[in-house]
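Asker: If you scroll down you'll find the structure; I have some questions about it.
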Amino acid sequence: MTMEEGRVENEDYTQDGTVNIKGKPILRSKSGGWKACSFVVVYEVFERMAYYGISSNLILYLTTKLHQGTVSSANNVTNWVGTIWMTPILGAYIADAFLGRYWTFVIASTVYLSGMSLLTLAVSLPSLKPPQCFEKDVTKCAKASTLQLAVFYGALYTLAVGTGGTKPNISTIGADQFDDFHPKEKLHKLSFFNWWMFSIFFGTLFANSVLVYIQDNVGWTLGYALPTLGLLVSIMIFVAGTPFYRHKVPAGSTFTRMARVIVAACRKSKVPVPSDSKELYELDKEGYAKKGSYRIDHTPTLKFLDKACVKTDSNTSPWMLCTVTQVEETKQMIRMIPILVATFVPSTMMAQINTLFVKQGTTLDRHLGSFKIPPASLAAFVTVSLLVCIVLYDRFFVKIMQRFTKNPRGITLLQRMGIGLVIHTLIMIIASGTESYRLKVAREHGVVESGGQVPLSIFILLPQFILMGTADAFLEVAKIEFFYDQSPEHMKSIGTSYSTTTLGLGNFISSFLLSTVSNITKKNGHKGWILNNLNESHLDYYYAFFAILNFLNLIFFAYVTRYYVYRVEVSDSIDKLAKELKEKTVSNVVNPKD
C-alpha cells in the first residue's frame, strides 16, 4: 500500500508540509531538529515539575489541611487528575481544526499559569484554609467552608483547562520538528519519544523529591510558589524558540470529517461496494498536492465505511460522498480504539501511586537517621527507574533486538506496550503481598485499632514504585508514540490526546472502583476493605483484585493486537532504514571483526 503526497520539491525545504510561523515553506537547515526540540523540552521539564509538585502530595493536603477522609480525598485526587488528562481532547480538537498546535499551546499555557497562581494563593492565605487541627481522625476536625473549597477547586480545575491545551500539543510540536521524508531525521524521530520522556521526568524527579520535602517540612506556600515561578520562566523560554519551530497547518474539524464518513456510510447502508477499489470516489494526487496533504490508498478493513465513498448519483454533498482518504483516516482512528481501551486498566494502576501508595507510606517508619522521608517522595523512585530503563532500552535493548527483528525500532510499539502490561500485573501481585505483610506486623504489634505507626521501614514499598517506573518505560513511552505515529497526518493532536484520555479515564475508573469496593465490602456488618484507618483495612485484597483485573486485560490486549493493522508510513524513510539495517547485519556476518 502506498501514499501519495504533496510537498515542496526543493530538498533545502522540509518535505512533510511543515511551514514557519507565517505559513511559508521553511528551510530544513534553519529549523526543527533537536535544536528546536530543546526549547520544547525545557518547557516540559518545568511543567512536569509544576504538575507533579501538586499531584504527588495533593492527597496529604486534602487530608491534613482540608480535613477530608481517605476515600473522599483519594477520589478527589483521581477525579482532578482524570480531568487533567481528559481536557486534552478539546485542546487537540482546537489545535487540529482551528488554531494550530502552537497558538493553542500559547493561549492554554497562560490559563495554566493563572490556575497555578491562584492555587498558590489558596494554600498561602489563612482565610482560604480551615483552622489547623491535630485530631488523629481528621474527619472530626472543622471542615473547609464553601468559599475555601470553591477557591481551591476553582484553581485546580482552571489549571486543568490550561493543561487541556498544552498536554496534547507540546509533544506533538516536538515530534513535528523531524521530517518523515528525510531518513536521518526519521531515525532521530524514532528515538524522540524515548529521550522526550527521559528529559521531562527530571522535572518529575525534582517535584517528587525536593518539592514534596519543602511542602511537608517548610510550607505549602513555598512548595507551590516555586513550580509556579518555574512555569512562568518555561513559557518565556518556549516563546523564545518560536523562530526555530516547524508548524503543521490546521486542516479543519477532525470530528466533522469523521462524522461525515459515518453518516454517509449509514445513509448508503444498502448500497453495494464495488469489488474494484478504483471505482471508489477519490481526488487526484494533484488536488492533494495543492493542499500540501496526503492521499491514502484503500484498505480492506472496516468495509462498511467504504460505502461512504461509493458514487451513486449527482449528490456530491460531503455528508453523502466522501473521498477514500477521508474514509481511511476515519478507519485508522477507529482501529486504534480497542488498543485505547486496553490501556484503561494500567492507567487505573498508575492512579494508585499518588493515592493509596502514598497513604500506605504514612503508616510506616519514615526515618532515615534524623531525616524523615515524605511519603509522596517515594514516587521519585518511579521516575529514577523510568529514567534508567529508558537509557538501557534506547542504548542497548533496541540495538540487541534489531539484530533479530531487523526492525529499526527493535520491537514493535504494541510489543513494547505488551511488556509494560505484564509488568503491571506483577506490580499488583507484589503490592498485595507487601500489604498483607504490613497488616500482619500491625496485628503482631497491636496497632490495628489505634491506627498507629507500623514498625516497618517505608522502603518495603520500594519494589512496587520501582516496577511502576519500569512499566512506564515500556508502556507509557510506547503508548504516546503509538497514538502519534498511527494517527493520520492532520489528526496528530487528536491521536496524541488518545494517550492522555486513557490516563484520565483510568483515574475516573479508579475513583469508581474505590467507592464501589468500599461500599460493597462494608455491607452485612463487615468493616470494609478501605477505611480511614489503613491498619484496619484490607488493601491486600484490593490489590489482589487489581492483579486479576490486569491479567484479564492482558488477555484482551493480546486478542485485539492480533488483528491490528499498522498504518502505512507516509514516506519510504522507514523502509530505507530497515534496508540499511539488514545490509549492515549481513555485512557484519560476512566480514566479522577480528
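Cβ coordinates come from backbone N, Cα and C, glycine included.
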Asker: Which range is it, out of 54-79, 288-313, 496-521, that shows up in TrEMBL as transmembrane segment?
Answerer: 496-521
Asker: For the transmembrane segment (101-123) and the transmembrane segment (413-434), decide whether they are in contact, meaning at least 3 CB pairs lie under 8 A, counting pairs 6 or more apart in sequence.
Answerer: no
Asker: Report, as numbers and ranges, which residues of the same chain sit near the transmembrane segment (373-393): CB under 8 Å and 6 or more residues beyond its ends.
Answerer: 52, 56-57, 59-60, 194-195, 197-198, 201-202, 204-205, 208-209, 212-213, 215-217, 353-354, 357-362, 366-367, 458, 461-462, 465-470, 472-474, 477
Asker: Same-chain Cβ contacts of the transmembrane segment (541-560) under 8 Å, 6 or more residues past its ends?
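Answerer: Sequence-remote neighbours of the transmembrane segment (541-560) are 338-339, 341-342, 344-346, 348-349, 352, 356, 417-418, 421-422, 424-425, 428-429, 431-432, 435, 517, 529-530.
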Asker: Could you pull out which residues elsewhere in the chain have a CB under 8 Å from any CB of the transmembrane segment (192-214), counting only those six or more residues past its ends?
Answerer: 37, 41, 44-53, 56-57, 171, 174-175, 178, 222-223, 226-227, 374, 376-380, 382-384, 386-387, 390-391, 393-394, 473, 476-477, 480-481, 484
